[in-house]
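Annotated features in TrEMBL:
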- B:Lys81: active site, charge relay system (ACT_SITE)
- B:Ser156: active site, charge relay system (ACT_SITE)
- B:Ser180: active site, acyl-ester intermediate (ACT_SITE)
- B:26-475: domain 'Amidase' (DOMAIN)
Amino acid sequence: MSTLSRDEVARVAGLARIDLTPDELDRLAGELDVIVESVARVSEIATPDVPATSHPLPLTNVFRADVPEPPVDRDAVLAAAPAARDGKFLVPQILGEDA
Amino acid sequence: MSDDLTRISAAALADRLQAGEVSSVEATRAHLDRIAAVEPAVHAFLHVSDEDALATAADVDARRAAGETLHPLAGVPIAVKDVVVTRGVPTTAGSKILEGWVPPYDATLVERIKAAGLPILGKTNMDEFAMGSSTEHSAYGNTHNPWDLERIPGGSGGGSAAAVGAYEAPLAIGTDTGGSIRQPAAVTGTVGVKPTYGSVSRYGLIALASSLDQAGPVTRTVLDSALLHELIGGHDPRDSTSIAEPLPDLVGAARLGANGDLSGVRVGVITELQGEGYQAGVLARFHESLGLLERAGAEIVEVSCPHFTYALAAYYLILPAEASSNLAKFDGMRFGLRVEPSEGPVTAERVMAATRGQGFGDEVKRRIILGTYALSAGYYDAYYGSAQKVRTLIQRDFSAAFAQADVLVSPTAPTTAFKLGEKLDDPLAMYLNDVATIPANLAGVPGLSLPAGLSDDGLPVGFQVLAPAKADDRLYRVGAALEALLENEWGGPLLAQAPELEVAR
């Protein structure tokens, strides 16, 4: 089946939002190529007549009672955040300059 | 009976606590002393909670002295894998990206442990986000196998298995996504159980693969696992996949099994989980155990699960796909590490990429990228879609096999513990360690590993028992029976044959 090129790994790492060094890209491209080739054999037995299963046990949707519960303590959550101000998470600018 | 409180089972310790022969403070201190003595060599813990553990122990002792009725395990210390969130206690999942994170809430299973009065000794080492089979992917250093410090303790829950195996704790919590409780149990000569999917709440577990993850007990005896499973298991409204039914009588099943009679029990040997790739000594111990089961009255039948040979491939598509989604929350915004890019504009997107580039280790990057690839446009049907179909075929294999047998058995892992570093540069070779444990996760069925003796290399071998979904009691009955028969042959537990660790004084 397909081979996973260095460029393809770089593209997918971008989608996954992971910065990789050039060395990491070289190594991952080689390793992932071998792994993908190995796992691709699932298609040998995945014929159209076989239904897909996403979950181990049959599930039905469940609802909890519509009763208010105390939320997790806000200050404890913010204390564990990288940055906070005025009772809120402090984050970098969301949009790039050209947006 | 041993006077060393760290050498006895949790059940025996619980009896002595209830009888007032020892206090929980004494038992907890004995384990903290043991931790201090062997941790320099074993490194099973990422965090030790001395003060909290002793405070809980003192509270239990006071309540017991006041005549309060307590949970049977009240006062018995326990270790918790670091993938389980603990309020006020650092939780890292073995990752740099969560270094120093202090969760603002408890997992449901931790709430239950605390409500029952078990002192929590600390958090145990693991492969980063539970991705691995050797604990070598922890960002905080290797855990060493108590049988041979140069060897791996299994993974991802190597810390919990080593802690129990090195007598640092009588009980521990593990999580098992593809074998992370059972495989470490096998290579450390301890007992580990992956319950039926939904038997134990996943609320407060840092998710790896949500359709596969399951928390369970890590102990030295089958009865101790049953006691702990009953404590942490059962319905939880906070986990929508939690089974809304009472647990089977697990402790009763373990006590029944311990009488060693398995008359009328049909034991199915899985053809595909033996033979090529399995160490000779592993197979020898496996077949000896089968002989014991047969002599105890069990009927041994051979069953074929032809699609199990595709389980590993399906797993390494489904797990990375789910993990790539679950780990998207590590974006440097709300918890854990935040790294700003060294040049260019500091936008949220670039901060996220820089944070993940620095915060994640090699194996985590490998699997997230593999999962993202398998889910990406143009590849979804061929990879993820096909893997989900294989999952159906594996579930059908289990259904057919359980029509012929009450439990299924196999070696837990194909080999004994290998040397640290031996497979670190070969991800595929590392993945093969879980070849016998993965099918249970794909089908949601429960599995147990118990020690079956030593291989030719003098290292422990694990024996795996699998049961149908929601029939976890069968694991405990058959497991306790085999344990009793084997210990009768050995003249005591297998762990008694482990070399004494050099202790720091």
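Sequential numbering from 1, following the chain as shown.
Here the Cβ of each residue, glycine as well, is placed from N, Cα and C on the backbone.
Predicted automatically and left uncurated, TrEMBL annotations should be read as such.
Since this is a predicted model, take the numbers as computed values, not measurements.
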Lowest local Cβ density (other Cβ within 10 Å) among active-site residues: B:Lys81, B:Ser156, B:Ser180: B:Lys81
Mean predicted confidence [pLDDT] for the domain 'Amidase' (B:26-475): 97
Pairwise CA distance, the residue listed as 'active site, acyl-ester intermediate' versus B:Lys81 (active site, charge relay system), rounded so that it is a whole Å: 11
Nearest-integer angstrom distance between the alpha carbons (Cα) of B:Lys81 (active site, charge relay system) and B:Ser156 (active site, charge relay system): 10
